[in-house]
Amino acid sequence: MMWTWALWMLPSLCKFSLAALPAKPENISCVYYYRKNLTCTWSPGKETSYTQYTVKRTYAFGEKHDNCTTNSSTSENRASCSFFLPRITIPDNYTIEVEAENGDGVIKSHMTYWRLENIAKTEPPKIFRVKPVLGIKRMIQIEWIKPELAPVSSDLKYTLRFRTVNSTSWMEVNFAKNRKDKNQTYNLTGLQPFTEYVIALRCAVKESKFWSDWSQEKMGMTEEEAPCGLELWRVLKPAEADGRRPVRLLWKKARGAPVLEKTLGYNIWYYPESNTNLTETMNTTNQQLELHLGGESFWVSMISYNSLGKSPVATLRIPAIQEKSFQCIEVMQACVAEDQLVVKWQSSALDVNTWMIEWFPDVDSEPTTLSWESVSQATNWTIQQDKLKPFWCYNISVYPMLHDKVGEPYSIQAYAKEGVPSEGPETKVENIGVKTVTITWKEIPKSERKGIICNYTIFYQAEGGKGFSKTVNSSILQYGLESLKRKTSYIVQVMASTSAGGTNGTSINFKTLSFSVFEIILITSLIGGGLLILIILTVAYGLKKPNKLTHLCWPTVPNPAESSIATWHGDDFKDKLNLKESDDSVNTEDRILKPCSTPSDKLVIDKLVVNFGNVLQEIFTDEARTGQENNLGGEKNGYVTCPFRPDCPLGKSFEELPVSPEIPPRKSQYLRSRMPEGTRPEAKEQLLFSGQSLVPDHLCEEGAPNPYLKNSVTAREFLVSEKLPEHTKGEV
């Protein structure tokens, strides 16, 4: 029985656990649109299924009830419901309750209570006239029509808002009108003269918290009056050659002056500070005037005027040329905040509370327009970005003003909006070394910067190598690269950067040197120093042993043609031959000429031998005449061995023996003295030539026949005539 009951209850429990009741309506609000409807709204919460909402109302001070029904599938606004006329009357008290129902159940909101007077909302009033009041300055009168759909039994409250035509900021005025007051007008005072205003109006039941919508806007203008005043400023220029100084006067309408204020002209008068009697007056319709004042201080005054009167007098003191102005601004900076350019500064003079700000575009030529504005009781100044040109550099100066004196200005440059530079810097390469180079660049023209240059970045890379970069501040226009590779090509370029980005300049190529100037000078110095030392040593050696140096550089070659052997005759020749033994101790190198393998030397030797042969031939010719009478004749010639070269074998032909290029005269004379007088010239010549065997052994073996000799001079033996006397042969 128990199990049966449990099985029967299980589906019901599951269904109950899976049920999702609708969310409880919250934030109920009701508005009574006068003579139209009562509309209530609420927050439905999250819906998971079809939900129907029912608004239950109790009205007529609790005596009547009705409902307003809506659902999430059919109502355009599923969280709103309205009650319509004629079942809406004022005054009355209502109770409102919202009930939400879906397939899983019903849930109700809290009960809310409403007074219709407190939630009534009327139509907006209609403005039909805005006009100035004759004879009353700076005032306009607004007239409107009371809303038709407004409680007759209730007082209304109003809000009037107004602004100038060129302004976006509204000002508001609140006031109330009695339900019995038929004059629906309001006088708006404290306005600017000759200024056009925009007016709008709204109203509400005095007890209600709901305001009507704003009325349609209407425009009106205040009456014209005399000018409000002027602000005066000056631009001082350098003194001219005659001592007079040009001063440009600038003026504009005083702050707060009407935009439409009419001015017919300006009266200016000025005089030296030390003498008011020297006053000069000028009249102009322009907005500026240039005066040529002396070197002393001056006072300048001016007014503007129109048909209704004159403005208050504006005065300005012009300091003397030699007068020193005070300085109190310590630091100043500019920054961009949202859509404004903000300039801030710090002052060391606490008694200075008025400042004059001056700004103009930084262009190459003198600016045609200069803007200025005064600031009081503050150390900052702001200007809208749209009043300045983007990407243009502006010179901003702040002048401290204390009473009638103007202090030394503090100037900076600023951009209202910065961009990327239009072009990069022009780059050059200087002082190229082995491992170093200097990169120089020029500043970008002002018109191409589009911002304040904050830094420069140098990019450089070797061919096929890794790239490097160096960043320097904007005040540096050159940079030295170090640790480069010797004899390597590089590419380099410089990027100029602003706060908005950077732009690269032109890229250039360069190649490092193989040798530095120092290395070249060092090598040249070493070589030159070595040569200098060698020259010094050579000169010193030459001074110490001049003959030796001369002999080494220019060796003396004997010339047989200049020999004195031709002058040897008779006993002199014999006496010179007797010097043999004393000459034997002389070095062989002093008696002979060493052979040389070069063709030029051989030619010289050949010439010497020929000349010497001619000399001998002449000697034998002279002696033959005197020796014929002693000639034995008839004897057969025999071979005679060279008396001075016993080592030369007999039978050697003349061609096999070498030629000695030099025959000492004393030995030739000795041979001549031992020969018989009757010997034939040919025998004498052969006998005399056999004296050449005095040369060293190696010359005897390696000699070659000389074609210039009549007979071969290489022979080591010669024939003696058989007709020679016996004692002559023996002597030979």
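Glycine too: its Cβ is placed from the backbone N, Cα and C atoms.
Note on Asn166, Asn380: Swiss-Prot annotates N-linked glycosylation site at Asn166; no matching annotation appears for the rest, which is not proof of its absence. Of the listed residues (Asn71, Asn183, Asn504), Swiss-Prot tags Asn504 with N-linked glycosylation site; the rest carry no such note in the record, though that does not show they lack it.
Residue annotated by Swiss-Prot as N-linked glycosylation site (from the set Asn277, Asn473): Asn277. In Swiss-Prot, the entry for N-linked glycosylation site among Asn27, Asn395 corresponds to Asn395. Averaged across the domain 'Fibronectin type-III 3' (223-315), pLDDT in this predicted model comes to 91. A gap of 74 Å separates the Cα atoms of Asn395 (N-linked glycosylation site) and Asn67 (N-linked glycosylation site). Residues of the domain 'Fibronectin type-III 4' (319-416) grouped by DSSP class, helix first, strand second and coil last, total 3 helix, 54 strand, 41 coil.
Here the Cα atom of Asn166 (N-linked glycosylation site) is found 53 Å from that of Asn67 (N-linked glycosylation site). With the fewest other Cβ atoms inside 10 Å of its Cβ, the least crowded of the glycosylation sites Asn37, Asn67, Asn93, Asn187, Asn277 in this structure is Asn277. Taken residue by residue with DSSP, Asn37 (N-linked glycosylation site) is part of a strand. Of all the Cβ atoms in the protein chains shown, 11 others lie within 10 Å of the Cβ of Asn283 (N-linked glycosylation site). Cα of Asn37 (N-linked glycosylation site) to Cα of Asn67 (N-linked glycosylation site): a span of 14 Å.
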